[in-house]
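What follows is one structure encoded as C-alpha cells, with my remarks underneath.
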Amino acid sequence: MPGGMGFPSDPALLPRVQAHIRKFPGTKYFKPELVAYDLQQEHPEYQRKNHKVFMGMVREALERIQLVAKEENDEKMEEKEAMDDVQEIPIVKALETRKRKAPAAGRKSTGQAAAAKEVVLSDDSEDERAARQLEKQIESLKTNRANKTVLNLYTKKSAPSTPVSTPKNQATKKPPGASAAPPALPRGLGAVSDTISPRESHVKFEHIGGADRQFLEVCRLAMHLKRPKTFATLGVDPPRGFIVHGPPGCGKTMFAQAVAGELAIPMLQLAATELVSGVSGETEEKIRRLFDTAKQNSPCILILDDIDAIAPRRETAQREMERRVVSQLCSSLDELVLPPREKPLKDQLTFGDDGSVAIIGDSPTAAGAGVLVIGTTSRPDAVDGGLRRAGRFENEISLGIPDETAREKILEKICKVNLAGDVTLKQIAKLTPGYVGADLQALIREAAKVAIDRVFDTIVVKNEGHKNLTVEQIKEELDRVLAWLQGDDDPSALSELNGGLQISFEDFERALSTIQPAAKREGFATVPDVSWDDIGALVEVRKQLEWSILYPIKRADDFAALGIDCRPQGILLCGPPGCGKTLLAKAVANETGMNFISVKGPELLNMYVGESERAVRTVFQRARDSQPCVIFFDEIDALVPKRSHGESSGGARLVNQLLTEMDGVEGRQKVFLIGATNRPDIVDAAILRPGRLDKILFVDFPSVEDRVDILRKSTKNGTRPMLGEDIDFHEIAQLPELAGFTGADLAALIHESSLLALQARVLENDESVKGVGMRHFREAASRIRPSVTEADRKKYEHMKKIYGLKQATPPSV
C-alpha cells in the first residue's frame, strides 16, 4: 500500500480515499475538505463523525499518498522563490542534494501539518548545515505570512493580467473534489488604477432645474480648473473640494456630474463603499491610488458618493480602521496642492542664447491643483470634522427640498410625457410640497402607469366590475387581452379615445396618493391643501400672521423700500384646544408657498443622552436647507418647560439646544417659527423674548358670528354634507347648547348631525331625507358636550387678559 500503513481506527479509510481519487483520472491535486464531504455523503458511518476531525484524517491520508492540495504546494513554491532571491546558489544545490538522499518513506505527517517534514539520513556537512539553516528561514517565513501579505501591499505592483489560451484537447472536466486552482488575480489594490478611468459627463446645468443659486457658487469654486493661469495670479492655493448634501433623491450625484459636464472636464466617479476592503491597509492603499489616478488625469473632477460611509467622526468610530481611513483621506486631500520635491539646482538652470541664466521651477499647483473632489452625503453632520475644515472640504453646498417655483422648473426638465390639456406643471408643483427630484420623477412614472391602466381598461376590459368576474369570464377577458396585445402596434388607433394616450390631471391625482415624498420619509409633514378659505373666523389672528410671516416673503421689496428689517419672526399661538391653532399654521405656509415642517413636542424626546438635542439640530438643518420654511412646534410646552434653578437634566439641555437654534450665532435666515400650546404659563421665559418667539397670539373661543363663519366654511357652503333647505346658520350658532364650543366641537356637531340624517334615511326608510335638516342639528347639539369644561374656560378667560390683543383706545378729545 503506497504511503505506509492504514489507519488503526479505520483501516478502510485509506482504500476509500484511493478509490475516490481513481474516479477522477488526470486530476493532480485534491482539497481535503471537499474529499471529506464526498466521503461523508457516500458512506453513512462517516456522517456521524465530526467534520473537522474527519477532514484531518482525510488530509493525512492524502499526504500519505503524496497528493497535497495545490494551495499548500503553491505556498511552498512561493516561499522557496522568495528565499532564492536572498540565498546563494551553492546552498540551494546542497539542499537539493540533501533532498535526493532522503527517502520518500521517511516523511512524517500529522493531522494539523499542511506539508510533511523530511528525515535527514546523511552526514552533517557544511552544505547540509547551510541547507538546514535555509529550512529554518522558510519555517519562519510561514509563521509570518500575515505580515508578508501586508508587505506585498506596498511592494508589489499590480500588473494587468494576460489571458492564457488553453487548447481544447487539454480542457478537462472539474470533479466535485478537485481544486479549481484559478490564476491569482489582483485584488482591490489594482482595481482603482486599472478599472476606474476618467469619462465624460453628458449631464449639464440645463438638465437640472431649480439649482441656479448652487450652480453659481460652484462656478466660483471651479474657476481654477478652466482658468488656471488667471487664478495663479492670486497666489493662493485653489480649493480642493466641497461637499454636496441634501435629503435622499434631491439630485446630489446628478449635480456633481453636471459640474463636470458643464465645465467639459473628465470625471472619476465611484461609490465610497467601493474603497472599503477587509484586508488591513488595503483601503488606505486604494485611496492613495485613486488620488494618484486623479492627479495623472488632471484636470479632472473626483466624485465620491456617500462619503459619510468611509469618513465617520473619529471620536465615535467603533474600529481603528475607520480612523485610519479618515486620516488617509485628510492626507490625500492635503497632498493635492503641495510644492514638488526639491530638484538639484543643475536640473533647474536654463541657459539662454544671450548667455543669461534662469532658474526654472515647477509651479506648486501643477500636479494636483487641477483635481476638484466632490463628496455627496445625506448626513453632513456624520462626516468627520477634520475633513470639513478649511483647506479640505471647506465649502458645503446644500440641495434642500425644493419650493414650489423650483419644483415647477424641475418638472419642466423631466416631464417629457404627453400631457392632456387640463394639466399644467404649475398645478402639479402646487400639489407636491415636500417632493424632491426623484419623487417628481416617480410621480410622472406612476401617473403614466395610471394612464395606461385607464386606457387598457377602456379598450379591453369593458366591464367595470371586472374584479368580481367568474372563472369563465376571467378566461374570456384574458383571451381578449392577449388578442389585443398580439395585434398591430398602432398608436393612432387610440386617437379616438379621449384624444389619444395622454396623462390627465385625474391620473396625477391618483398617482399622488401612492407616492411618499422625501419630507415624509424624513419624518416631516407637508401641507397640500389648507388655505384661508378653509378657516372660519379668527380674523384678527390671521392679520397678525400675515404681517409677521406672509408679507415679509411676498412683499420683500416694500420692506426694503422703507428700510424695515425682513428678518424671520416667531409666533406663539396659545388658547384652548380645538380652536384652530394648527390650521392657522398650515394655512400660513400654504399661502406663502413655503415648505412646512410639523414637529410635535414628544417626537423629539429621546431617552438616550444627546439624541433629543441631535433631533432638534436635524429639524433646523432641514429647514435651513429648504428655506423659506415654516417650522411648526405643536405642544411646544412639552419641549421647552420652565427650567428650575441649577437644573442640569435632559430637559434643560433640550431647552438650551432649542434656544441656541432659534437665535444662535448663525441665525435662522428664512426659517419662520410657529409654536402652539394650551399652557403658555409653563413655557420657559427665554423662549418668549423677541428674536425667538416675537409675538404671543391668543386664539379665543369663537363668538356667535365666528360660529356662523366656521359652520359655513366647514360645510363648504352647504355642499359637504348636503344641507336641507331649512338650514339657518345664524339660528344654529345662537343655540344655547353651543356656548363654549370650539371649532373642533362645531366640526363634531356637523358630523353627528350628518349621521342622524343618514340613520333617518336608512333605518326609517325615509327617502324624503335629502340632506341634514335643522332637527338633526338640534338633536346633535343636545348630545354633544363642549370639550372645554366651565372651570377651564375661566382659566382661559384669565389667560386672555394676559396674552390677548389689546384694543387701541380712541384718542381723547
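Cβ from N, Cα, C; glycine included.
Swiss-Prot lists 246-253, 575-582 with the feature ATP binding site. The 10 Å shell around the Cβ of GLY575 (ATP binding site) contains 25 further Cβ atoms across the protein chains shown.
Annotated coiled coil per Swiss-Prot: 58-89 (among others), in sequence order, evidence recorded as sequence analysis.
The coiled coil feature in Swiss-Prot is assigned to 122-152 (among others); the stated evidence is sequence analysis.
Summarising the annotation, Swiss-Prot assigns compositional bias 'Polar residues' to 158-172.
Under the heading compositional bias 'Low complexity', Swiss-Prot lists 175-191.
Residues annotated as region 'Disordered' in Swiss-Prot: 97-131 (among others).
Sequence annotations record features per position, and here Swiss-Prot assigns region 'Disordered' to 152-193 (among others).
Neighbour counts of Cβ atoms within 10 Å were compared for the binding-site residues GLY246, PRO248, PRO577, and the top value is held by GLY246. CYS579 (ATP binding site) falls within neither a helix nor a strand when secondary structure is assigned with DSSP, and so counts as coil. The number of other Cβ atoms within 10 Å of the Cβ belonging to CYS250 (ATP binding site), over all protein chains shown, comes to 27.
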